[in-house]
Amino acid sequence: MSDELLESADERELRSGVREMLSAECPWQSVLAFVSGGGDAFDPKLWRTVATGMGLAGLLVPEAQGGSGAQWRAAAVVVEELGRAVAPVPYLSSAVVATTALGLGEEPSLLGRLASGELTAALAVPYGLWSAPRLLPVSAGVVNGTVRGVADALGAGLLLVPCEDGLYAVDGAAARRTRVMSLDETRPLCDLEFTAAPARLVASLSAVPCALRVAATLMAAEQVGLASWCLDTTVAHLRSRLQFGRPVGSFQALKHRLADLWVELTQARSVVAYAVADLASGGDDASVAASLAKIVGSEVAVRAAEECVQMHGGIGFTWEHPAHLYLKRAKATSVAYGSPDRHRARLATLVDLPLEAS
Amino acid sequence: MASLITEASLRSRISEFLAAHDPASAGRLAFLRARFDAGLAWVHFPEGLGGLGAGRALQPVVDEAFAAAGAPDNRPGRIGIGLGMAAPTVLAHGTPEQRARWLRPLWTGEEVWCQLFSEPGAGSDLAGLGTRARRDGDDWVLDGQKVWTSMAHVARWAILLARHDPSLPKHAGLTYFVLDMTAPGVEVRPLRQLTGEAEFNEVYLTGVRIPDEHRLGEVGEGWKVAQTTLMNERVSIGGGALPREGGMIGVLAKAWRDNPARRTPGLHDTVMRLWVRAEAARLTGLRVRQQLAAGAPGPDGSAVKLSFATLNQQISAAELDLLGDEGLRRDSWAMGRPEEVDFTGRDPGYRYLRAKGNSIEGGTSEVLRNIIAERVLGLPAEPRVDTRVPWKDLPR
């Protein structure tokens, strides 16, 4: 297993490139406008820039299919920066989770289209799924049934549906999609209904738990990005906000809380670096690392966003300030792909610390 | 300057050394001295001072190779203050003569070091300390009282911070010395802790003479020199490389596995939360060590030490909760004088009690949070009334 937990020069360069692009193309004002408008599946212009312009949709697609081939560390950098900007694009769900699931099958042409960014895909499972999915019945090449609360499926050209005998691809337009009014409107959810929808077997069902492990790990990278924005923004506010004749950031009651938050963020960053390094070197410890990452990532994201709201005082509770975008995304991602409590339960089994005597 | 030592060249040096010095037949001390002289003690130190000027990251290669060969070690648990604090400070601020005199016997363990910083009136506010150093010819004469000094009863040398000029503001009036613990006027008294042991001491200094050549750094630079010591202290307290379930969490995990009848859902949740936190802290320690391999210790060491203290306390408390009345049985309340401290040692009660010191020794957790808030996050300091006035005019 690779134990390199520090960022390489290439990764630093990628990070600053993505951050620079996002500060120009995805300032928080445009995210706020996106959620205030309502109704869009994602920001198509930003997606074109990320996926095609910067060529980042294919980081996990093999080179033979037009991708860059299992660039896990680079993908984690991109996901983290997109999280930092609460960017409304389906990168995690399509370029990471669906691409991972599809990559475990034999579908070169679809992978090529995902790599180019012209097509986006979604794994048709509830956003909060952490264990085995409910399987839909399939026969004679058509699938029937419903799936509730699927992330980024609204605008996906392709849906990957776990069915009784494997993972099937269904054209996005062949499903009835009903938008859900969701806590986090920067990553829209929808309910899916399949009525004799044409479906094609693309991978075995073992692709699903594998994709969910990757989802949990990379989601933690997104959460580190969310948390770091919240911490940076809160620190900047406390340095400039004057009350009682001094910067409020000089009060120990606030400083100590932010110091603790920084420690927690430093730890989450280390855990995510470890989990991503493990994926990059074959995933020997993938199950433990994914649960570990999802727990600490979720906890730090929610805590950072909650502290961000609280320490901004009145302005932090308003619609016009971006803190709520992060609070909503943080809490929703904490539930996504298994809450910390679910992952602690799983971890207890994985590391032989069960509640019940065996 | 780029290091010329690669892992391969280091391994061949180690093989050559082991071929010439049989760990089984060479005497312990002779072996350690030879290892130092071959530059295989701490490889990132300069040549001639036990090192090769190599990258810090190569040190585990050496330590693992010597351990595998069954070589005697320098009992690092006994000389932690010397290795972790005195040595980096002597290296960074010492003269060539000072480095040559002190580093070799420090590393071999022939001479134990202790630290004379804290005083009854200067704990978190270390820069407020009052031990006086008065210049007298080529010597300094010291008077004062130090406290919380581990190993003072066996130490040959001490790193010491004293006030040479009370009319200057507190930080500017400090000078850093190395004290011979056998000098007349040094009196060491055991200080019993709440564990029952006297791991620490009080040290009284009465007219103790220190030659000026034992001053470390310039007169008035004591605070600056002390920063090197303190940064390294936090790294060395919190930064050991452990495997998964190493340290205190391993003790709790074993207790959980060994006691199925004592398990409850609430304790299970606690154990799992602590397991996750301990693993996150362990991985952070690994990352900090990788950063350290690339440069000097930074404030990240404060983060590692802070979480280490909190975790040790929470984990040892959870162990007592898990074990119930069986956990209340202690091995002894006798006033032992341990020379090595194992936070995970002895009995559950000891572990719980000793962990209370973790958030006090080496910088309280509250001071560490201030350091992180101010130096890492750049938050403003609290308004201070004590930094610009002469030390002698401060209320005390």
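Placed from the backbone N, Cα and C atoms, the Cβ positions cover glycine too.
TrEMBL entries are annotated by machine, without manual review.
Copied over from TrEMBL, here are the features:
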- B:30-110: domain 'Acyl-CoA dehydrogenase/oxidase N-terminal' (DOMAIN)
- B:114-204: domain 'Acyl-CoA oxidase/dehydrogenase middle' (DOMAIN)
- B:220-377: domain 'Acyl-CoA dehydrogenase/oxidase C-terminal' (DOMAIN)
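In the predicted model, the domain 'Acyl-CoA dehydrogenase/oxidase N-terminal' (B:30-110) has a mean pLDDT of 94. For the domain 'Acyl-CoA dehydrogenase/oxidase N-terminal' (B:30-110), residue counts in helix, strand and coil come to 48 helix, 2 strand, 31 coil, using DSSP. DSSP assignment over the domain 'Acyl-CoA oxidase/dehydrogenase middle' (B:114-204) gives 3 helix, 45 strand, 43 coil.
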